[in-house]
Amino acid sequence: MFERSRYTIDQIDPEIFAAIQKENQRQEDHIELIASENYTSPAVMAAQGSQLTNKYAEGYPGKRYYGGCEYVDVVEQLAIDRVKQLFGAEAANVQPNSGSQANQGVFFAVLKPGDTIMGMSLAEGGHLTHGMALNMSGKWFNVVSYGLNAQEDIDYDALEALAQEKKPKLIIAGASAFALRIDFERIGKIAKSIGAYFMVDMAHYAGLIAAGVYPNPVPHADFVTTTTHKSLRGPRGGVILMKAEHEKAINSAIFPGIQGGPLMHVIAGKAVAFKEALSPEFKAYQEQVVKNAAAMAETLMARGLRIVSGRTESHVMLVDLRAKKITGKEAEKVLGDAHITVNKNAIPNDPEKPFVTSGVRLGSPAMTTRGFKEAEAVKVAHLIADVLDNPHDEANIAAVRAKVAELTKQFPVYG
């Protein structure tokens, strides 16, 4: 028997407890601007830490290979129903353990090794699972990539011409470092014109889409994949939305195709996050996410930094650092020293190596969760510029760090 009072983390494993405590303090003390990170609610974390972690449940609600699944069936069905409502989808699979596995599930359902797929170039803002050479998608399939035009928007004309020429079996839309609105309807029509499947990976934009502040790809795509964290503010995991005609193939591809028993405690966390995302408060939050990103981008441009594409229409932006004569790797380090967390990121046609880069990627979801509004977003942008204007002055870094501390104390993550 486990006595709850005796089996606490601090008593059983002080080393892990200490690391958790330090990470909690880091999250409170640092301004988080990594676009793919956010803070889950205590309710989501409670679901993930529940007894549901004990239950094996291979299969799907009502069709399990294990007994004792009557309550986890309720949990999974709620997650399915809520995510369908959230995005207006005909069918959904909530079992993928990650966004990458959601993408793999679609590939396993409709592709064979050697088939041609078409996705956005990683170097111009795409994602490694959309055909990057070292990824499974690049090793198993013949990959053709589309990119950006001179205005650093997706080159839809070139995309269409390439699709007509190469006739891919699957066209993928979605990005990990692209700030503008994606014309899912147009790409969907291109896919339909050549008889290709159309998959959208909306992992970065899912929260915005749920709130109606970014175009919804669901009406235009055969498959829509997403993570459940990032802007959606749920647990780390994945989901596949699909047309009803593809439900059987996708379900078989996930189980038994590429996964075994689902993580029921994570699915519970997903269900809670979907309920939160259906609320009016979540819509207001996402509206503020977009406002904060725009305010930050405008301020950075006023301070002499170039924003790739000239603006942001979402939660994310790429900052070209070459005018400041600093690399993305260096900027990530000095901003981190000032307690502003960012990630280095390649810009289009980047002359630097991928581990060095000429840019950083910034996102507004996490700071907006803290309660930051436009005024704070402007302050944060000025603090970033202050660091980049004088990155090797320790007194300057210390002064910025002190100003960051004032903001983080005023806006705690978990009050």
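Glycine residues also receive a Cβ, built from the backbone N, Cα and C atoms like all the rest.
According to Swiss-Prot:
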- LEU122, GLY126, HIS127, LEU128: (6S)-5,6,7,8-tetrahydrofolate binding site (BINDING)
- HIS229: site 'Plays an important role in substrate specificity' (SITE)
- LYS230: N6-(pyridoxal phosphate)lysine (MOD_RES)
Please name the residue among the recorded positions HIS127, LYS230 whose C-beta has the most neighbouring C-beta atoms within 10 angstroms. LYS230
LEU128 ((6S)-5,6,7,8-tetrahydrofolate binding site) to HIS229 (site 'Plays an important role in substrate specificity'), Cα to Cα, whole Å, comes out at 18
For GLY126 ((6S)-5,6,7,8-tetrahydrofolate binding site), the three-state class that DSSP assigns: coil
Across all protein chains in the structure, which of the binding-site residues LEU122, LEU128 has the highest Cβ count within 10 Å? LEU122
Within 10 Å of the Cβ of GLY126 ((6S)-5,6,7,8-tetrahydrofolate binding site), how many other Cβ atoms are there? 24
HIS127 ((6S)-5,6,7,8-tetrahydrofolate binding site) sits from the residue listed as 'N6-(pyridoxal phosphate)lysine' (Cα to Cα, rounded, in Å) at a distance of 15
Counting only residues 6+ away in sequence within the same chain, which have a CB under 8 Å from the CB of HIS229 (site 'Plays an important role in substrate specificity')? SER36, GLU37, ASN38, THR40, PRO235, ARG236, GLY237
Using the centroid of the Cβ atoms of LEU122, GLY126, HIS127, LEU128 as reference, list every other same-chain residue with Cβ within 8 Å of it (recorded (6S)-5,6,7,8-tetrahydrofolate site), in sequence order. GLY119, MET120, SER121, GLY125, THR129, HIS130, GLY131, MET132, ASN135, ALA175, SER176
